[in-house]
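For reference, the structure discussed in these notes is given below.
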Amino acid sequence: MEIEIATIGGYEEVGRQMTAVRAGDDVVIFDMGLNLSQVLIHDNVETERMHSLDLIDMGAIPDDRVMSDLEGDVQAIVPTHGHLDHIGAISKLAHRYDAPIVATPFTIELVKQQIESEQKFGVENDLIKMDPGETMSIGDSGKVDLEFVNVTHSIIDAINPVLHTPEGAVVYGLDKRMDHTPVLGDPIDMERFREIGREGEGVLCYIEDCTNAGRKGRTPSENVAREHLRDTLYSMEDYDGGIVATTFSSHIARVKSLVEFADDIGRQPVLLGRSMEKYSGTAERLDFVDFPTDLGMFGHRKSVDRTFKRIMNEGKENFLPVVTGHQGEPRAMLTRMARGETPYELDNGDKVVFSARVIPEPTNEGQRYQAEKLLGMQGARIYDDIHVSGHMNQEGHYQMLEALQPQNIIPAHQDLEHLAKYIDLAENQGYQLGRDLHATRNGNLIQLVE
Ligand SMILES: [Zn+2]
């Protein structure tokens with residue numbers, strides 16, 4: 001059976017991930033992501049109303065025109081998890097393919113919300129939920145199956161999809177951290193990866209996320225970030241002024257830890273900001289997390305301002321607002337608080353906890369610097385980097401290669417600088433660039449079996 005890989009997006013940048021795998025006559029697409037930084041750099045761009053070709057020209061969504069060179073029928077579109085760089089282009093591209101979108105329940109729900117907010121295209125692809133550990137048949141040959149292997153990442157319900165073909169398995173490895181003690185959900189299923197590496201024809205190809213390939217050692221478990229957060233918030237137990245925390249709103253495990261520790265130190269947690277309400281509300285509705293029944297979540301400007309007024313009236317020392325704005329995004333809640341645009345007044349000595357790392361990208365770095373400066377001018381004390389990455393460091397990559405023993409590797413999810421670090425790592429393990437290690441760019445086809 002012919003096996004061909006189209007590396008469509010995310011091979012020159014972080015963002016707009018998209019890869020297609022053809023097995024005989026059947027094609028499966030993995031991820032359809034958005035490169036948010038290409039959108040945010042323009043003022044007032046509303047992607048909801050924009051046409052796909054304009055977004056492709058901006059570098060915001062994958063240029064999927066290479067798909068016309070792939071001779072087969074798309075049978076499924078499979079986003080691996082709910083981060084925007086993996087699902088953010090579905091509302092702009094999925095309608096061009098007569099295929100269902102297959103994903104885990106939390107991811108499907110986020111895809112559904114995105115399709116509902118789309119204003120340019122009617123996206124009518126079927127949405128199919130599939131849980132980690134489950135398998136479905138692809139196409140009519142009876143020889144190709146899609147399996148979801150449970151992985152751990154900075155968002156719940158993440159999987160690595162595996163396409164089983166007569167020539168071996170194609171494992172799509174974006175994005176994961178090797179977490180054996182996650183705060184929410186099951187540990188990464190390394191046992192299944194080891195089985196896949198040894199059964200049948202083994203692994204024909206491993207497509208891997210290189211984000212942290214330049215970092216030594218092991219990425220710690222989410223439990224480590226949780227304990228760091230516990231230590232930080234418990235140290236503030238006697239403080240009788242304002243404490244504000246921020247983190248990735250899609251990081252439900254982290255939000256859960258913040259909510260618990262706020263309670264522990266005698267403060268009522270409250271989630272504020274549009275995306276805080278969206279992700280935590282969705283996770284709670286789908287029973288992925290148990291929040292206290294009286295946990296307030298407010299997204300709309302008016303209800304947020306009303307909550308801030310209530311906090312100021314009843315005393316800041318009784319509350320712990322968890323807000324958006326960990327990267328200093330100009331329109332996010334924390335930045336508005338820093339500019340004095342909300343009823344919440346910061347006083348000298350008030351604490352601001354960043355349970356996030358600055359995404360190392362000039363726009364983020366500049367905006368975060370500005371937000372911290374503004375907070376500092378109001379007397380706020382900053383606690384930063386209370387975080388662990390959602391991506392594996394070098395030792396995780398070595399363990400995956402050991403488990404899967406892939407015949408071919410395609411590094412992905414980064415620019416050339418980071419791909420090169422993974423290439424070094426893989427060459428240390430006996431792979432050779434141009435032979436079984438394929439460095440590539442957006443828009444290429446790699447034929448593995450002719
Ligand atoms: Zn991700």
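Backbone N, Cα and C atoms are what each Cβ position is placed from, and that goes for glycine too.
Residues or ranges marked as domain 'Metallo-beta-lactamase' by TrEMBL: 15-228.
All protein chains included, Asp175 (Zn(2+) 1 binding site) registers 25 other Cβ atoms within 10 Å of its own Cβ. Among the features that TrEMBL reports, Zn(2+) 1 binding site is placed at His81, His83, His153, Asp175.
Residues annotated as Zn(2+) 2 binding site in TrEMBL: Asp85, His86, Asp175, His413.
Feature annotation from TrEMBL assigns substrate binding site to His387, Val388, Ser389, Gly390, His391. Around His387 (substrate binding site), taking its Cβ as the centre, 23 other Cβ atoms fall within 10 Å, counting all chains. In the three-state DSSP scheme, His387 (substrate binding site) falls into the coil class.
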Listed in sequence order, the residues of the same chain lying six or more positions from His81 (Zn(2+) 1 binding site) whose CB sits under 8 Å from its CB are Ile87, Thr104, Thr107, His153, Ile155, Asp157, Ala158, Ile159, Asp175
Between Asp85 (Zn(2+) 2 binding site) and Gly390 (substrate binding site), what is the CA-CA distance rounded to a whole number of Å?
-> 14
Restricted to the domain 'Metallo-beta-lactamase' (15-228), the mean pLDDT of the model is 95
Other C-beta atoms that fall within 10 angstroms of the C-beta of Gly390 (substrate binding site) | 23
Looking only at Cβ atoms, how many others are within 10 Å of the one on His86 (Zn(2+) 2 binding site)?
-> 30
